[in-house]
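Asker: Have a look at this one.
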Amino acid sequence: MEGGVPEADVSAFRECLALSYKNPYVLRLAFSAGIGGFLFGYDTGVISGALLYIRDDFKAVDTQTWLQEAIVSMALAGAIIGASVGGWINDRFGRKKAILLADTLFFIGSVVMAAATSPAILIVGRVFVGLGVGMASMASPLYISEASPTRVRGALVSLNGFLITGGQFLSYVINLAFTSAPGTWRWMLGVAAVPALTQIVLMLLLPESPRWLFRKGREEEAKEILRKIYPPQDVEDEINALKESVEMEVKDASSSDKVSIVTLLKTKTVRRGLYAGMGLQIFQQFVGINTVMYYSPTIVQLAGFASNRVALLLSLVTAGLNAIGSIMSIYFIDKTGRKKLLLFSLSGVVVSLVVLTVVFHETTTHSPMVSTVETSHFNNTCPDYNSALNPGQWDCMKCLSASPECGFCASRSNKLLPGACLISNDTAQDQCQGEHRLWYTKGCPSKYGWLALIGLSLYIIFFSPGMGTVPWVVNSEIYPLRYRGICGGMASTSNWVSNLIVAQSFLSLTQAIGTSFTFMIFIFITVAAIVFVIVIVPETKGLPIEEVENMLERRSLNFKFWQTSSRDSAQLSKQKTQSV
């Protein structure tokens, strides 16, 4: 119950499952709000597959890397704006209205993208979708956190993370389903309007967050909702704790100036919360996760798998692992705690990034040679190869990196034998594939391709249970009620700004320094993230939201993350005694 600190162990997971028959109302709240996370995940995953076919329809997109990055990153630019204003909208109008507005924007964007007749219109639709996703990314977990019993709060907010990864998985299924349909990518992007419309209907039937209602003086409405969420024996304690918390916040608000960045940073508990919350959101992106999700089909091609359909199918496996990892998070987050789960996750990410770095280095340094005989077999030789002073030293990677207008046609008998360096156009591709050869434009044939898939899979398996969900859980519970909307908005904005930087730079980095060195950069960033978690991030496992503020007030840097300080232990024991 809210008035005490329960032991958060595996029984919390069982209790979360038991809600399906004990109190389905709570699960209904969590699932309905969690569709916002589903939209977030679907958009992240669907664009990676749609991009393969957008390149086929719009040749400018195929030949200009900046256009591909713009189509991906303009949604992120919209998300930055959505998250920035989303904090104010959440505090001013409520969590429910913020989610409804996010759905409306997402619906409009999906329709515009499906009907796009040029890259410019497609980008406009991406901006609308981004506005909706950015707003929902912080409103959904905030709503779930404030409408969840303390004991299962971590698991239910992790449910939002599961729906994010579920959306990514379904997006790859949708991508595969429409690979042979007319207007391939239009269906992929347009289908997203359905869950947005579904959430609008469901949210209209649900109440506002009880904590927000209390904050706005609508206590009777809040009490009615809390009685539906908590068992009878716990509800009065929760109401009293919440009322006390709100009264204290109102008192602080009346004795202070308007909320500003300076005010936030001067408030010790808010400042410490922002360090941890924003830092986690930034590191979540800079360890490379959405690079993997946005560009996973492209990465699979870089690993040497030529077919769009094969690339999508293999990417579906990574999306499925991501969803499984989110289920693991629901189980472990209230058992092991947020901090230990983060450290386990990041340690595994380092290992998997090392594998990817080594694999891509071997792939690029041991690609098949270009054969003059094979190339002369066709009438579409790459101009750069024709004018080269040393064509005998050219290999597949040299051919592809020489110009975006060059492609590699593998040998008919064995893809690892010398092949042809040709102009990258439909004619050359048809000639190559007409002879039952594989056609490469993003990566080269390699005997190490399967190791790249193992590296990608390991990355997802380790990332998803920890860094995939914990930052959203921590940000939904670490800020005082008065500042929760604006601080959550700031943290979400930092996430989307970081996301934009990584997405906008990944393909350019792979062209400039190579895929292996790009992944090496992610290794160093992940090591820095481990140090950050050990030093800065507090443990909020099992703490009522109202108690988190007290914990931040008395907390100092703790390098021994596996230990609970004697002061905290005494405080927890005291609270347990009071709650009995």
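The backbone N, Cα and C atoms fix where each Cβ goes, and this holds for glycine too.
It should be emphasised that the depicted structure is a prediction, and the values quoted were computed from it without experimental measurement.
For reference, TrEMBL lists these features for the protein:
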type	residues	note
DOMAIN	29-541	domain 'Major facilitator superfamily (MFS) profile'
TRANSMEM	29-54	transmembrane segment
TRANSMEM	66-86	transmembrane segment
TRANSMEM	98-117	transmembrane segment
TRANSMEM	123-144	transmembrane segment
TRANSMEM	156-178	transmembrane segment
TRANSMEM	184-206	transmembrane segment
TRANSMEM	274-295	transmembrane segment
TRANSMEM	310-334	transmembrane segment
TRANSMEM	341-360	transmembrane segment
TRANSMEM	448-474	transmembrane segment
TRANSMEM	486-507	transmembrane segment
TRANSMEM	513-537	transmembrane segment
Asker: Restricting to CB pairs under 8 Å, which listed stretch, 29-54, 66-86, 310-334, 448-474, is in contact most with the transmembrane segment (486-507)?
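Answerer: Selected stretch: 66-86, with the most Cβ pairs under 8 Å.
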Asker: Count the Cβ pairs between the transmembrane segment (123-144) and the transmembrane segment (66-86) that lie under 8 angstroms and are 6 or more residues apart in sequence, then report whether there are at least 3.
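Answerer: Yes; at least 3 Cβ pairs under 8 Å.
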Asker: Restricting to CB pairs under 8 Å, which listed stretch, 156-178, 184-206, 448-474, is in contact most with the transmembrane segment (341-360)?
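Answerer: Most Cβ pairs under 8 Å with the transmembrane segment (341-360) come from 448-474.
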Asker: Kindly say whether the transmembrane segment (156-178) and the transmembrane segment (310-334) touch, using the definition of 3 or more Cβ pairs under 8 Å where each pair is 6 or more positions apart.
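Answerer: Contact criterion met.
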Asker: I need to check the long-range neighbours of the transmembrane segment (184-206): which residues 6 or more away from its ends have a CB within less than 8 Å of a CB in the stretch?
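Answerer: Those are 28-29, 32-33, 35-36, 38-39, 42-43, 46-47, 49-51, 53-54, 57, 96, 99-100, 103-104, 106-107, 110-111, 113-116, 125, 129, 132, 167, 171, 174-175, 178, in sequence order.
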Asker: Tell me, please, if the transmembrane segment (98-117) and the transmembrane segment (29-54) are in contact, taking contact as 3+ Cβ pairs under 8 Å between residues separated by 6 or more positions?
Answerer: yes
Asker: Report the mean pLDDT of the predicted model across the domain 'Major facilitator superfamily (MFS) profile' (29-541), rounded to a whole number.
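Answerer: Across the residues of the domain 'Major facilitator superfamily (MFS) profile' (29-541) the model's pLDDT averages 83 on the 0 to 100 scale.
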Asker: Which one, 29-54, 66-86, 310-334, has the most C-beta pairs under 8 Å toward the transmembrane segment (448-474)?
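Answerer: The listed stretch sharing the most Cβ pairs with the transmembrane segment (448-474) is 310-334.
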